[in-house]
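Colleague: Got a structure here, written out as structure tokens. Questions coming.
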Amino acid sequence: MTLNNCASMKLEVHFQSKQNEDSEEEEQCTISSHWAFQQESKCWSPMGSSDLLAPPSPGLPATSSCESVLTELSATSLPVITVSLPPEPADLPLPGRAPSSSDRPLLSPTQGQEGPQDKAKKRHRNRSFLKHLESLRRKEKSGSQQAEPKHSPATSEKVSKASSFRSCRGFLSAGFYRAKNWAATSAGGSGANTRKAWEAWPVASFRHPQWTHRGDCLVHVPGDHKPGTFPRSLSIESLCPEDGHRLADWQPGRRWGCEGRRGSCGSTGSHASTYDNLPELYPAEPVMVGAEAEDEDDEESGGSYAHLDDILQHVWGLQQRVELWSRAMYPDLGPGDEEEEEATSSVEIATVEVKCQAEALSQMEVPAHGESPAWAQAEVQPAVLAPAQAPAEAEPVAQEEAEAPAPAPAPAPAQDSEQEAHSGGEPTFASSLSVEEGHSISDTVASSSELDSSGNSMNEAEAAGPLAGLQASMPRERRDSGVGASLTRPCRKLRWHSFQNSHRPSLNSESLEINRQFAGQINLLHKGSLLRLTAFMEKYTVPHKQGWVWSMPKFMRRNKTPDYRGQHVFGVPPLIHVQRTGQPLPQSIQQAMRYLRSQCLDQVGIFRKSGVKSRIQNLRQMNETSPDNVCYEGQSAYDVADLLKQYFRDLPEPIFTSKLTTTFLQIYQLLPKDQWLAAAQAATLLLPDENREVLQTLLYFLSDIASAEENQMTAGNLAVCLAPSIFHLNVSKKDSPSPRIKSKRSLIGRPGPRDLSDNMAATQGLSHMISDCKKLFQVPQDMVLQLCSSYSAAELSPPGPALAELRQAQAAGVSLSLYMEENIQDLLRDAAERFKGWMSVPGPQHTELACRKAPDGHPLRLWKASTEVAAPPAVVLHRVLRERALWDEDLLRAQVLEALMPGVELYHYVTDSMAPHPCRDFVVLRMWRSDLPRGGCLLVSQSLDPEQPVPESGVRALMLTSQYLMEPCGLGRSRLTHICRADLRGRSPDWYNKVFGHLCAMEVAKIRDSFPTLQAAGPETKL
């Protein structure tokens, strides 16, 4: 018995409870009218087996293959399979002749005469199938006698599921053939055989895995089906027309009479579950359930097939051209079919099926001879263009992630698909699904509308499809910088350019961004914001209540400085993180936010639904043990979201700081709604820079979550879920430095009036800040006008002369080194005096750190960091000068713009920042010397205005002075001293006093660690 791709199979499972222990022997059902049950032997015996296996009579319809062929294999009734076979190609209706009633079978029986080989094959298959059923019966009977008389529901369900899947596999794999047999038969095909095989395609096509489309079979499951259990009813229908028309008029993947519903899966040859919900690869649509739905579907199918003859009349005139086109496309089509080996596994069939779909798409791209008709072009073009466009769209994503080379354009989609599979993208299997299901291939990669001007992905499918996450879980390799060991050095810093580009400010508001203001301007804005906020509070605060007062700590109380040396992620304030790594958020927390933003935006109720405590605890331990190598692939979105909430809840103080948290709450409690934004802008400017950067990253991230309609989490919903964790509401800590006085709850446990008011204000405030996150981090324009003269005076300019002035001086015979000579002499003088007058402070990672005030009265200090390096001075100079990528993890790109003279050049480099904050761009004039006494070397640099504007990559920062001094200190060793003062924009002088010195010390430590440490092997010997 055969079941081809054009058949319709329906499985119905009826779960019945047993009446008693002997119900298995009492309730017996015949599987066919040709069988009888023998009570003595407890077996089924055929009644007139010769009649059963004989060919059907010409005058009667052959119904032996259409009746029920399964019986109860256990007390729980198993699926009843009903098979309808299409007519053989020999009896296809000719054009111009209407099919008679005799041509239409009652139950779609097999038509035509069968040869002796076909009869022998069918007998062998029928006997094998019946033997298989009897063996299952005996196994189950013996198992039931040994076990308890009454089976558990779980056991019955397992037996039912296993039996039904074995039956489905036997049916569905019977028509497939191995790829090697198909290749062998196709290699020896001729022109006549090609034509013969084309005409017999309706039967041959389903047997070759090349033409088996996953979308051509529909699997219908009940609407109340629970994934993981076998369904009550399972219906598999083909999309091929039931009429016996030639396949030239029907292409796999087209909908004929079955447009009303589509299954959520199409794999019928795999051991994997074919009814589980797979939303990522198979877009589900509403499934019609029940007998009424099936009747409606049958009526719709019949109506569609009734118009098929009219359509064929219009298409039949193009038949000759179609056959010419088919010969040109498939010159090696094999003439015959070979027997499939029974041992072919369903996994092999599914693999061959995916590969052959890619071959089919590549062959359908351009016909070699002849011109395809209009209807054929309409069907071929979507299948060809979409895979061809996929590599071009995935290329920016591959460049951004730097995990694999971007696929090069290729003439055939099959080659593109092969390259996509090697580069971490999804193979042609997903592409064919997208085309068949009515979605473009851009659903699995970043579409052109989701790419910004720089070519970076905006929605991070990052977005290369669900299967691309397998490669994302591997250790990330640093982007190739083309310099030495950087080709294989892993990057610990997160590159999240799509988050930066998606929140890039507009040209009108770019100059008002806080992160573009100089340090002196930020200092003025602090004073103006404090005055404005004081005016708001004095105007709207109730006079007799203590509202706008920052309580001072007790006079004799000593605040013990906490020790964070044993902590890495949780409970560590942003200031410690930025001193350690240069970024206020840990890398693992940024990875968690990126994972949620790129792959979990469609999770309904994210941040509202709770995760599993045990899994959250495991994630927390992973963050603490290896904060730079945490992979969230495959983790539940709700677990990762709860982990984020725990991080902000476990901070020593709220992200708004203990001093300003009450101020933020009072803004949304006392001020009118139209004053919220102005007051919140003033309060945000008063936050420490590291806290403000964390708050900006969090609010931009939450705005992206709220903008996704699929998760049903608006800004208000997110505020309700996150406000208690971010504001630290109703959390009292004995050792907390917070001056806020918590209101005590009543004895019955109810929250007090102040608690309710604080919760309401926090929810409204966080919702407002998420909605207006873009404006919240901009400088108020009226404040800039009020500070007009002083604000403009605080804007810095490059300390050195412009490049045009240097060229004029060089033309006049003045050496360019004279412009840097003062800088060099200051460095040599300080070194000769052993840096007298510098104030030492504790430095990280075995470095010496010191600072002093600038002689020009600028609020930014000079910082000095020094350490010993296991390399001679000349090698250290080359490492600093030409191999920055080896020690600067934040470096994005660097280039020498122009070599002005020996030892003097114009240098441009860009460093990254924590997303979504902009990158820092530097254009410096640098000069070096390697002829100092005792073999010492030095390098000095400072910013200048280039002659031609250099395209900015973010914010143009100012390097006021940068000096490197390499002094020999032993055999093969040197002492490296780095003196630096820079305005990175967007940071206050207080940030430079607390953070910038640590960043300089970390820089010299990375230069030191970039050289291998040589250790002597073996014990010391006395000479």
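Cβ coordinates are placed from backbone N, Cα and C, and glycine is handled just like the others.
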Colleague: Can you tell which of Ser65, Ser77, Ser235, Ser598 Swiss-Prot marks as phosphoserine?
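Modeller: Swiss-Prot annotates phosphoserine at Ser235; the rest carry no such entry.
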Colleague: Where does Swiss-Prot put phosphoserine, among Ser45, Ser108, Ser736, Ser988?
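Modeller: In Swiss-Prot, Ser108 carries the phosphoserine label; others show none in the record.
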Colleague: What range among 287-306, 467-486, 547-566 does Swiss-Prot record as region 'Disordered'?
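Modeller: My reading of Swiss-Prot: the region 'Disordered' range is 467-486.
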Colleague: Average the pLDDT scores across the domain 'Rho-GAP' (573-777) and report the rounded value.
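Modeller: It averages 88.
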